[in-house]
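*Asks:* Handing you this structure, nothing more for now.
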Amino acid sequence: MTMSSFLINSNYVEPKFPPCEEYSQNNYIPSQSPEYYERPRDPGFHHEALYPQSNYPEPTYSFNNVQGTGNQDMSQRGHVQSQASLQNHIPRQNQLCEVVPVATPALCSQNAKNPTAQKGTLSKEPIVYPWMKKIHVTTVNPNYTGGEPKRSRTAYTRQQVLELEKEFHFNRYLTRRRRIEIAHTLCLSERQVKIWFQNRRMKWKKDHKLPNTKMRSASSSSSTSQQTQVSSQGPQPDGSAPNSSSL
């Protein structure tokens with residue numbers, strides 16, 4: 001009652017739509033066939049106009065005949081389908097086999113004869129030019145062939161220098177056994193310990209203004225050679241002794 005009274009008393013106006021003809025003229029609604037508006041039918045329904053009735057009489061069927069014919073039809077269909085599937089698969093396999101390239105004996109023989117060429121094509125070694133090599137010389141030597149570079153200087157740590165100074169304070173010359181022990185203790189090579197002690201001895205002699213040991217040994221060897229020459233000459237005929245200044 002409330003809804004009906006509301007609709008009667010209210011100023012509600014029903015919407016007015018244009019007729020379908022205007023929509024069809026403006027191509028809003030496509031024209032449909034009369035079958036479009038008919039009731040839906042079962043899928044088993046056959047229209048008389050589409051499927052005309054045949055004139056020959058329909059044969060009678062029994063349950064056994066229907067079952068036997070059905071089995072035969074199914075077997076025939078399955079046989080036909082299996083043959084069709086086999087025929088479809090066989091050309092595909094043939095196509096796949098044809099696509100795969102086959103290595104000819106000529107190519108195999110070439111690869112066997114030239115394994116180095118095949119490796120070169122796979123991985124090329126980087127080219128090192130002469131200007132890329134490090135040269136530790138003051139002037140450019142044209143005859144330099146890029147041999148072993150100059151050894152870099154060893155950077156001793158403070159702990160290593162302290163231990164070497166302690167050892168030098170007690171022993172300026174090391175035996176081979178002691179040198180090996182120090183090298184193992186300080187994680188250095190025997191050569192590095194030997195060079196450090198040589199440089200430290202040179203510095204100590206320079207600080208104490210002592211003559212170089214090598215220069216002293218050279219001068220002593222020259223004096224001994226002179227003495228041997230004088231003694232080998234013997235006395236002169238006039239009986240005078242040889243003068244050292246004349247020699």
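Positions of Cβ are set from backbone N, Cα and C atoms, glycine also.
Sharing the record's features from Swiss-Prot:
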- 128-133: motif 'Antp-type hexapeptide' (MOTIF)
- 149-208: DNA-binding region (DNA_BIND)
- 206-247: region 'Disordered' (REGION)
- 217-233: compositional bias 'Low complexity' (COMPBIAS)
*Asks:* Within the DNA-binding region (149-208), how many residues are helix, strand or coil going by DSSP?
*Replies:* 41 helix, 0 strand, 19 coil
*Asks:* How does the motif 'Antp-type hexapeptide' (128-133) divide up by DSSP, counting helix, then strand, then coil residues?
*Replies:* 3 helix, 0 strand, 3 coil
